[in-house]
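Novice: Please see the structure below; I have some questions.
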Amino acid sequence: MAHRPKRTFRQRAADSSDSDGAEESPAEPGAPRELPVPGSAEEEPPSGGGRAQVAGLPHRVRGPRGRGRVWASSRRATKAAPRADEGSESRTLDVSTDEEDKIHHSSESKDDQGLSSDSSSSLGEKELSSTVKIPDAAFIQAARRKRELARAQDDYISLDVQHTSSISGMKRESEDDPESEPDDHEKRIPFTLRPQTLRQRMAEESISRNEETSEESQEDEKQDTWEQQQMRKAVKIIEERDIDLSCGNGSSKVKKFDTSISFPPVNLEIIKKQLNTRLTLLQETHRSHLREYEKYVQDVKSSKSTIQNLESSSNQALNCKFYKSMKIYVENLIDCLNEKIINIQEIESSMHALLLKQAMTFMKRRQDELKHESTYLQQLSRKDETSTSGNFSVDEKTQWILEEIESRRTKRRQARVLSGNCNHQEGTSSDDELPSAEMIDFQKSQGDILQKQKKVFEEVQDDFCNIQNILLKFQQWREKFPDSYYEAFISLCIPKLLNPLIRVQLIDWNPLKLESTGLKEMPWFKSVEEFMDSSVEDSKKESSSDKKVLSAIINKTIIPRLTDFVEFLWDPLSTSQTTSLITHCRVILEEHSTCENEVSKSRQDLLKSIVSRMKKAVEDDVFIPLYPKSAVENKTSPHSKFQERQFWSGLKLFRNILLWNGLLTDDTLQELGLGKLLNRYLIIALLNATPGPDVVKKCNQVAACLPEKWFENSAMRTSIPQLENFIQFLLQSAHKLSRSEFRDEVEEIILILVKIKALNQAESFIGEHHLDHLKSLIKED
């Protein structure tokens, strides 16, 4: 290990005797040495042995610490040198008490060497020979003999329990003196650690105290340094204050007011002039500051505008990137839709053909059954008129059709009995049952078409087939660049882009079924509504806003499909189909109609199709035959049953037509329902019937179908012109029934007249037949 450079120390002249004393060695090996008391070095300069100096050094708190360290470190360094040379020999010597003191003294000085950082190697070399004397061979031999003689005595107990420092030292000792090693039987096996001597314990305690004292001394040194610094600062501040006070006293003496001096009289004009001059200067300064402030404000504004220009110029690259990505996206979307539109049209055609085939099957079957049954009854009537004894033969086809008709009617009666519907009238049922084999084929074909529907966009990413994702793209465009968005008329393009995607979702949609999904519950409808609700356009762009997107989609996609259902698939005689169709049409035509000033061609086409289809149903499907009274008086005769069924079937169509109240105009409904159906077919059948409770019941059903909206005007005394024939029939029936005992039926007829606002006719009838008790019915109305 490298030695520190040599250091020089100043020593007092009085310490020379101490250094001389340090060179002295004990006169005799066995002479006892007195252990120094810890803390004695506090009062004395370093003198005597280095051991006393080392023990007393840490206990000094005040006094000349520097010189104490010099002596202690020099002594330690001096005594450390011979111990390093002698090595293990000095550590393994087993001598008498005096030699043990010397060896112990040497070990303590070696331990104290680590406590001082100021030792000098040069000084230790000078004092090496004077402080420690190495015992010679004669001295060692004499000590060994003395120890052996002491061991030979029986009552001798050795107090030397000091352990050898190391195994290597013992080996070297045995090698140096093999004769001194005891025999095997004289060796003692150490089972525990040998106890320390009193001197060793005292030395260890002194070392620990020295370490603690050294730490305390370092803290005391820091505390002393800090106190001195604070005192120097305080003295310096006090001196400065004294200097200031002295200067202040001197200046006060100089500036002392002398009352003997006289001043010229005060002139107010001069003071005023000075104040005005000062005010002018301040105003000019203020104006200059204002000019500078305005200049700074202009600079700030120009800086802000420059920043905005720079930011906008830096965003041009991002804007270009966005427009480019949007252009690529729209092109890819159009290419995808153009590729899929052919497949979509094929699937739509397949589904439409399947439903059309089913509808035509029902219609053709109804017409064929009506034709065969009517022919059979006519033949039966001719037979009854010509002869009563001849045999009547029916061809096999007619017989099979009649049996099939009766079989289906029987099943429907049983179903109504099970459901508890006992008020059903024959002829009002929808004869739309299919044989099981045909139903299985229909369901299989429909399932195959729906599987093809699912595979249309199976391999396409959601960004190009999901309506919500597509609208989100355009919504981002609208939020980032609204000007370019509205300039591109995107609200007019979106319905065309979404048309194929919506048509795919409408393949399984059948508005003629009551269980069909409503438009508001469809995914595309909700997505479009969310897109419209998120619109942030201002009032200036309201005319071209995205709020018309849904109406445009309905006009371009939904209404044309609905028109196809009305023209080719809708059966006006079916109440369930009519009710479901009206529900969807109300949503389309009322809640999402276009602007009042704008005429929708698709909407007009739909309404025309509805009216045209109902006219066709009135002309083709309504057939009420007229038979002789002798044939229909018997309610169980086939003629009477057939006539009843056909009347109720016509009344069912009458009711279905008037369900369009609110969607079709009143003139259209009155012309179609009252003019062509009621007056042309139903009234004739009623006139051919015998007056009685059945006729009154039928009249009640006719009046119940009429919309209340037509009779809301309380000032009406006469009904609408199209009901004139019906009113005359009611009065005629009332005249006939009043002559008999059907007074309750007469009262019901009066109520019907009051309901349809034929009040004048009702009052005339009551006055003519002196039915004063029925006048209250008119007054209550």
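Including glycine, each Cβ sits where the backbone N, Cα and C put it.
According to Swiss-Prot:
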- 267-312: coiled coil (COILED)
- 17-26: compositional bias 'Acidic residues' (COMPBIAS)
- 82-92: compositional bias 'Basic and acidic residues' (COMPBIAS)
- 101-113: compositional bias 'Basic and acidic residues' (COMPBIAS)
- 114-123: compositional bias 'Low complexity' (COMPBIAS)
- 201-212: compositional bias 'Basic and acidic residues' (COMPBIAS)
- 213-222: compositional bias 'Acidic residues' (COMPBIAS)
- Ser16: phosphoserine (MOD_RES)
- Ser17: phosphoserine (MOD_RES)
- Ser19: phosphoserine (MOD_RES)
- Ser40: phosphoserine (MOD_RES)
- Ser96: phosphoserine (MOD_RES)
- Thr97: phosphothreonine (MOD_RES)
- Ser129: phosphoserine (MOD_RES)
- Ser174: phosphoserine (MOD_RES)
- Ser180: phosphoserine (MOD_RES)
- Thr213: phosphothreonine (MOD_RES)
- Ser214: phosphoserine (MOD_RES)
- Ser217: phosphoserine (MOD_RES)
- 1-228: region 'Disordered' (REGION)
Novice: For the compositional bias 'Acidic residues' (213-222), jot down how many residues DSSP puts in helix, in strand and in coil.
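Specialist: Breakdown, helix to coil: 10 helix, 0 strand, 0 coil.
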Novice: When neighbour density is defined as the number of other C-beta atoms within 10 angstroms of a residue's C-beta, which of the modified residues Thr213, Ser214, Ser217 has the lowest density?
Specialist: Ser214
Novice: Taking DSSP states H, G and I as helix and E and B as strand, how many residues of the compositional bias 'Basic and acidic residues' (201-212) are helix, strand and coil?
Specialist: 12 helix, 0 strand, 0 coil
Novice: Tell me, roughly as an integer, the mean pLDDT over the coiled coil (267-312).
Specialist: 91
